[in-house]
C-alpha cells in the first residue's frame, strides 16, 4: 500500500484523471449567444480555475459539505469511498440543477488522513469524476491535502440565461406544486438498513433501488434546464432537506400557502415495503428527511401540462393564499405535512 | 449559553449579519464595460448565490480548506474562533488576488460541533464578514451545519478583463522575480510560540507583528489588480505554500530557471530576531513553509520599475533559461533554495 505525499498525488492521480481538461469545448449557454469556456481547469494546477465568459448570463454558485465518512451507511459498510466521491459531486450539482442552470464546473475539497492509501484516494477522485461526467460538470480543481479524517466539501457553478435562474420565492396562488420523481428512497434505505431486520423479499426486490439512492444519486440537471427553459416555473428547490422541509420552505420563501393532496403523492413500492416491514408511516418516509435530490417546483396548471410533454413529473398539490403548508388527507382532513422536519435538532443547552 | 439549531442560526445570525446583501451595487470590472451584479447573496437563502454577468470577462474561482482548529497556534490559545473565520476568508481571497482578479464573492463552509454556542458561531461568521469587507469580497452564502468538530472551507470568486488573469506559467528569461512584501512572519511566529522560550525583547517589540500574520492575514487584492492592470506581468502565485515552494513552482510551471539573489531577499526584523533567539537559519524562515499570502510574480525589468511607482515590491531574483530554482549566495555560491519544501511529508508506508 502506497501513501504518496500531496505533490505526488497531484502529479500522479489528479493530472492523470483530469488531463487535457483545459481545452474544453465552447459551451453555448443560452439562445442569446452567451458563452462559457473553461481555460484553466484542474490540470492547470494554478491558484484558481478560470472561465472565459461572454455575453449576458447569470452565474449560479453554491457549496455543500457532505458528511461522507460519517454517513451511517458508510460506517455500516454499505458505501465505498468511490460512492462518497460520487455523492459529493451529485449533491453539489443538484443545487445548480435546482436553479435551472447548466453546470459548468465543480471544485472539490478532499482532505484525508495520513494513512489513506493512494488507491483509496484515487477511488474518491474517480467517483467525483464519474459523477461529474454524468452531470456534464467538469471537476475543475479544488483542494487536496491532509486532515485527521476524510473531509469532503465542494462548490458547483452553473450558468443560465439572463433572468432565467429559478428561485425559491415566486410561487403564486393557483400554481401547481410538482416533484420530478417520487421521494423517500434515501430515507427508507436508511431506516431499513439501520434496523438490521432484513426481509428477504425487500432484499431481493428493492434493496438495489434503495441503495442506489445513496450510491448513485441523480442530480436533475436536464429537468432543471427544462424547467428554466419553460419560462413559467415560479419557484424551485431540490428536495435534499426532505420533501416536507422543501415544501414548507417554498411556501415561506414565496409568502404563500401550499396544500398537498395526499392522494396525489406518489408512494414508491420500495418505500411502501420498508414502511410495512418496519411498521412506519409510509408518508413519513416520503416527506421526511430523505435526501433524494429531486426537484420540487411550482408553475401554473397549463405550464405543468406543457412540461409533462418533456419530462416526468408528479403534481402533488397547489399553491394557496394562506400562509402555511398543509396536507389534505384522503379522509378530507387538513393536517401538517408528515415526516420529520429538516435538522431541527433540539436546543441542547442545559442537558 | 445558547445552542440554537441550524434554521435558527440561519434566521438569527446569518440573516442579521448579511441582510440586504442582494441589493449590491453594480461592479464594473474592467474598462471594457463588463459588469457583475450580485442578485442573490447569503440573505437570499436559496440553493445557490446568483450573479448577473454582462460582457467579456474572465471568472476565476478557487477553494481552500483551512486547518483552523487544528492550527497549533489555535490549540495553544493564541487564536480565537473569530481569527479562524478571518483567516478562512483571507486565505481564499488570496487565491483570487494571485490571479489578478477583482473579488466578487466568498462561499464559506462552517460546520461545528453540537456544543458550540451561538456566540462562538457568530464570532466565526463575524470574522469571515470582517475579512470579506476588508477585501471587498462579500460573503454570498455557503453551508452551515453540524459536524463532530469545527470544519472550515471556502470558495472565492473573482473576475478580471478578458485575457487578464495571471497564471503561474509564463515567466520568461530576463524577467525579474518579485514579492509584494517580506515573507517569513507566519513561520517565525509558529517557531517562536511553539518553542515556548519567550524572549522579553521579542515579546515587546515583535510579537504583535508576528501574531498579526495569523490573526489578520492580508490578501493582496489591490496589488493583484495592479499587477494584472500593468499588462506585462508574466506569472504570479501567492506565497501560501512558502516562498521556496512558490519560486520552485513558478519555475516549473513556466519551464524556466530562477536565480534568487541572497543579498536582495528582505529579512524582516521580527523574523531575524526569532531566528537569532532560536538559533535558526533566518533564510530558512523566510523561504520555508511560512503562510504569508504575499504575491510572488515575474515581469520584465522596465515593467517592474513602472510597478514600483504604484506599489511596494521587492525584486529578489531573475528568470533564467536553465531549468531549476537556485540561490546565488552572498559568498558567490549557488545553492538550492533554503527552507522546508511544501508539505513534502515522507511516505509513511511501512512505518
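Any Cβ shown, glycine's included, is placed from N, Cα and C.
TrEMBL labels come from automatic prediction, so no person has curated them.
Under the heading domain 'PurM-like N-terminal', TrEMBL lists B:46-159. Summarising model confidence by region, the domain 'PurM-like N-terminal' (B:46-159) averages a pLDDT of 95.
The Mg(2+) 4 binding site annotation in TrEMBL covers B:47, B:95. Spatially close to residue B:47 (Mg(2+) 4 binding site) yet at least six residues away along the chain is no residue at all, judged by Cβ distances under 8 angstroms.
Among the features that TrEMBL reports, Mg(2+) 3 binding site is placed at B:47, B:95, B:238. Contacts of residue B:95 (Mg(2+) 4 binding site) defined by a Cβ separation under 8 A and a same-chain sequence distance of 6+ are given as B:60, B:62, B:64, B:156, B:238, in order along the sequence.
For the recorded site, residue B:63 (Mg(2+) 1 binding site), the DSSP three-state label reads strand. Non-local neighbourhood of residue B:63 (Mg(2+) 1 binding site): B:92, B:153, B:154, B:155, each in the same chain, at least six residues away, with C-beta under 8 Å from its C-beta. Annotation comment: TrEMBL describes B:63, B:64, B:143 as Mg(2+) 1 binding site.
Classification of residue B:95 (Mg(2+) 4 binding site) by DSSP places it within a helix. Residues or ranges marked as Mg(2+) 2 binding site by TrEMBL: B:64, B:95.
Residue B:142 (ATP binding site) falls within a strand when secondary structure is assigned with DSSP. Residues annotated as ATP binding site in TrEMBL: B:142, B:143, B:168, B:240.
Taken from TrEMBL, the feature domain 'PurM-like C-terminal' covers B:172-324.
DSSP assigns residue B:241 (Mg(2+) 5 binding site) to coil in the three-state reduction, outside any helix or strand. The Mg(2+) 5 binding site annotation in TrEMBL covers B:241.
Residues or ranges marked as substrate binding site in TrEMBL: B:342.
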Hey, what's the Cβ neighbour count for residue B:142 (ATP binding site) at 10 Å?
24
Return the single residue from the binding-site residues list (B:64, B:143, B:238, B:241) that has the minimum number of other CB atoms within 10 Å.
B:241
What subset of the binding-site residues B:64, B:240, B:241 has a Cβ sitting under 8 Å from a Cβ of chain A?
B:64
To the nearest whole angstrom, state the Cα distance for the pair residue B:168 (ATP binding site) and residue B:143 (Mg(2+) 1 binding site).
30
What are the non-local neighbours of residue B:240 (ATP binding site), defined as same-chain residues 6+ apart in sequence with CB under 8 A from its CB?
B:91, B:94, B:291, B:292, B:293
Count up the helix, strand and coil residues in the domain 'PurM-like N-terminal' (B:46-159) according to DSSP, in that order.
42 helix, 44 strand, 28 coil
